[in-house]
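Student: I am attaching a structure below and will ask some questions about it afterwards.
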Amino acid sequence: MIRLIQMILLAFLVTFVACNAPPVPLDDIVIEKTFTPERCERAVKSGDYVRYHYIGMFPDGKKFDSSYDRGNTYNVFVGQKQLIAGMDKALVGMCVNERWMIKIPPQLAYGKDGYGDIIPPDSILHFDVLMLDIWNKEDKVQIKTYHMPESCERKVQVSDYIRYHYNGTLLDGTLFDSSHTRMRTYDTYVGIGWLIAGMDQGLLGMCVGEKRIITLPPFLGYGENGDGSDIPAQASLVFDVVLLDLHNPKDEIAVKVEYLPDPCPRKSQVGDFMRYHYNGSLLDGTFFDSSYSRNHTYDTYIGKGYVIAGMDQGLLGVCVGERRRITIPPHLAYGEEGTGTKIPGSAVLVFDVHIIDFHNPSDTVEITSVKLENCTYNAKRGDFVKYHYNATLMDGTDIGSTHMYGKTYNVVLGSGQVVIGMEQGLTGMCIGEKRKLVIPPHLAYGERGVDGEVPGSAVLVFEVEMVDVEEGLPEGYMFVWNNNVTPDLFSEMDKNKDAQVDKTEFSDYILQQVEEGKGRLAPGFESQRIIESMYDNQDRNKDGIITEDEFKLKADEAAAHDEL
């Protein structure tokens, strides 16, 4: 019984001592992973340089040191005896943004000597570590492209000038800068020292529209000093970059013909006046302007400085109906300043153009005709002509046709009843002849055009067929005699023999002569208006009657109009 009691007391004593015993000594480091990121692209290896935050504590939780309190990370090479042995060993294998609780026995820390008044001898140390950055002296720029455009006609080369957007972060994801927040691209030359060395390397070979992650070790970034504000010393940098534009100061315009009409009888030259449609965009596809949205062509002289230099060049040598893409470097466009609105400074411009028509101020009417074998009479000035036509713009847009109304168009040549170019094109035609007329705007409807029908400065194309020609009178005459004039002309007109001719007598007489084939009125005009004009000319004193003294033949006068 006594022995049983002794055994129970001994067990109780052991339990009491165990509950109040000091920490059990560690044989090696102990690691508790308190946070592990989903992705670990790189883990610490011996020889790496690391930046990390830590809190140093004793096993009872009492803090003896903290990088947070100093406001700076701890920066050091791993595996080169710059740390206590336990930390040198423990950090190997950590990932960026990973957090570990590291417990280090005294023999791998400060041992029997401790560390001054801070670390007592034989102390077990606990470190709450957050890894922020890892790099190695052998590191190079790392490039990871995560978006590549379908086509890449050109890649960034040394001395190119580029425009790009970026987000800049530290290796742990901390944002330190962004062009997006400033809503302005970063514009610079590449490969000639205008950028930190790593970016000079990392941007080479990019395509417009490409997106890539560029990771730089600090010795290719801001090095031992950082940037003095947002970038710490010895910090790896990560740039998420999208390239928007590139050109070289030596660039000329680039022209890509997307559609070429066949045939192309004429190509544009310096001094031509052109009408064209266009869509304008930046090199990354950002739209900035379009003539289509205004439903009006852009009309201008080319090769004369009326448009930007690159467009002046790009519009030379084109055909009517041609479609081409003209890529213009900024020094041939809007330069370093841009337009201040939709076109940024130093922007490459892309114009998709469709040539509607062009002409030269010196152009005449272009006439294409198939001559008839038997042509007995050619239409001339003063003739009354009847013809059919189909009218279009140079791009084929229909603007009118006589066929749709089933009747001819009738005019007197030289009377100003049609545009000058049409009068020229109809002159000399035979009945049955067909012609194609290309009429420049200065011989058609000019700069104003016809509202709702013919655009300003438009070249017109007419396909005409001469249906009938009635010979006109000599220039200046509205009535001629077919035979010799009777010497009793006044008496014959004066039906009531009152020694004067009134309007009715005059009109009846002239119409009778025409009906009997003795005389002819100018064709194409209203008979009564011609007769009234003739009567007014004979009524010298304007009293409403003609006397024999007033009555004269045209041949009797030096200069007169619309008379007998």
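Using the three backbone atoms N, Cα and C, a Cβ is placed for every residue, glycine included.
Feature list, courtesy of TrEMBL:
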type: DOMAIN; residues: 47-135; note: domain 'PPIase FKBP-type'
type: DOMAIN; residues: 159-247; note: domain 'PPIase FKBP-type'
type: DOMAIN; residues: 271-359; note: domain 'PPIase FKBP-type'
type: DOMAIN; residues: 382-470; note: domain 'PPIase FKBP-type'
type: DOMAIN; residues: 488-516; note: domain 'EF-hand'
type: DOMAIN; residues: 526-561; note: domain 'EF-hand'
type: SIGNAL; residues: 1-19; note: signal peptide
Student: What are the DSSP helix/strand/coil residue counts across the domain 'PPIase FKBP-type' (47-135)?
Tutor: 13 helix, 37 strand, 39 coil
Student: Could you tell me what the rest of the chain brings near the domain 'EF-hand' (488-516), counting residues at least six beyond its ends with Cβ under 8 Å?
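Tutor: Distal contacts: 479, 481, 527-528, 531-532, 534-535, 538, 544-548, 551, 553, 564.
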Student: Could you give the number of helix, strand and coil residues in the domain 'EF-hand' (488-516) as assigned by DSSP?
Tutor: 18 helix, 2 strand, 9 coil
